[in-house]
Amino acid sequence: MASAKATMGQGEQDHFVLKSGHAMPAVGLGTWRAGSDTAHSVRTAITEAGYRHVDTAAEYGVEKEVGKGLKAAMEAGIDRKDLFVTSKIWCTNLAPERVRPALENTLKDLQLDYIDLYHIHWPFRLKDGAHMPPEAGEVLEFDMEGVWKEMENLVKDGLVKDIGVCNYTVTKLNRLLRSAKIPPAVCQMEMHPGWKNDKIFEACKKHGIHVTAYSPLGSSEKNLAHDPVVEKVANKLNKTPGQVLIKWALQRGTSVIPKSSKDERIKENIQVFGWEIPEEDFKVLCSIKDEKRVLTGEELFVNKTHGPYRSAADVWDHEN
């Protein structure tokens, strides 16, 4: 089965060609935990730094601001067809009858007629107003097959170009593939040298599903930009640790969506083309020990005494 592949033209940003044939820019601007200046960051990323890929989600609470930034960029002369916009449906809307209305709200907030990629944010359904952590009865049964069929209908109706999944396990991915008429084009997962997520990564490669890496620098508790191994490679290559971590993801064959609200960092994060991490240094980065996920999903889905998920291991099907 054909897999997504990277391409680059002179002076152009790297892209990955998805199974659908659509081109996905390899570096996108992440907007998780973005602030009130999100519109400015999006416009700056596109018009000044050269980004053509913006990743957001309904649950981030910034889609309206992202929409303002996209509109400003297009008013500045950027064609919509040259942009790749990703969003995600939240867990409270993971019922077949809620899929289309959820997307329509996203399109309205983003001020767009279509989006390029629409993800299932997490493969779990939550009751409206669910607490963190969830109380008894707030994690509901998820009709994965029914929801995916409605996602497929969005593609058929031209509202979405590609559909994908986030935070899936191999078990859940295999279940979805058994019924999907349009397989997921992309699987978005936490990935960095401190959490390589090899099992789902290899499963996606087997099925020709492209992988996007989120949290490429780790977390505030374990910021890999301060890891001595990363710093040593960065100093050797005369790059920043952040650039090295982003490049590591690209050389691994994944797209990547670093987030920053600082103009200087936004520009720095996309200056990762035209150079390579040498093989010996790449192997050194790969040797960083896997420690823990940034996002376990525990506070969202785990009730230790009631409900289907009593631990983070349950959330991840005890796969890692």
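The backbone N, Cα and C atoms fix where each Cβ goes, and this holds for glycine too.
What Swiss-Prot says about this protein:
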ACT_SITE  Y60  active site, proton donor
SITE      K88  site 'Lowers pKa of active site Tyr'
BINDING   H121  substrate binding site
BINDING   215-269  NADP(+) binding site
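L250 (NADP(+) binding site) and K88 (site 'Lowers pKa of active site Tyr') have their C-alpha atoms 22 Å apart, to the nearest angstrom.
Summary: among the binding-site residues (V229, L250, I257), the fewest other C-beta atoms within 10 A of the C-beta are counted at V229. Within 10 Å of K88 (site 'Lowers pKa of active site Tyr'), as judged by C-alpha distances, the binding-site residues found are H121; the full candidate list was H121, Q243, I257, E264.
Mapped onto three states, the DSSP output places K88 (site 'Lowers pKa of active site Tyr') in strand. Cβ neighbour count within 10 Å across all protein chains ranks K88 highest among the recorded positions K88, H121. Within 10 Å of the C-beta of K222 (NADP(+) binding site) there are 15 other C-beta atoms, taking all protein chains into account. Counting every protein chain shown, 12 other Cβ atoms lie within 10 Å of the Cβ of K236 (NADP(+) binding site).
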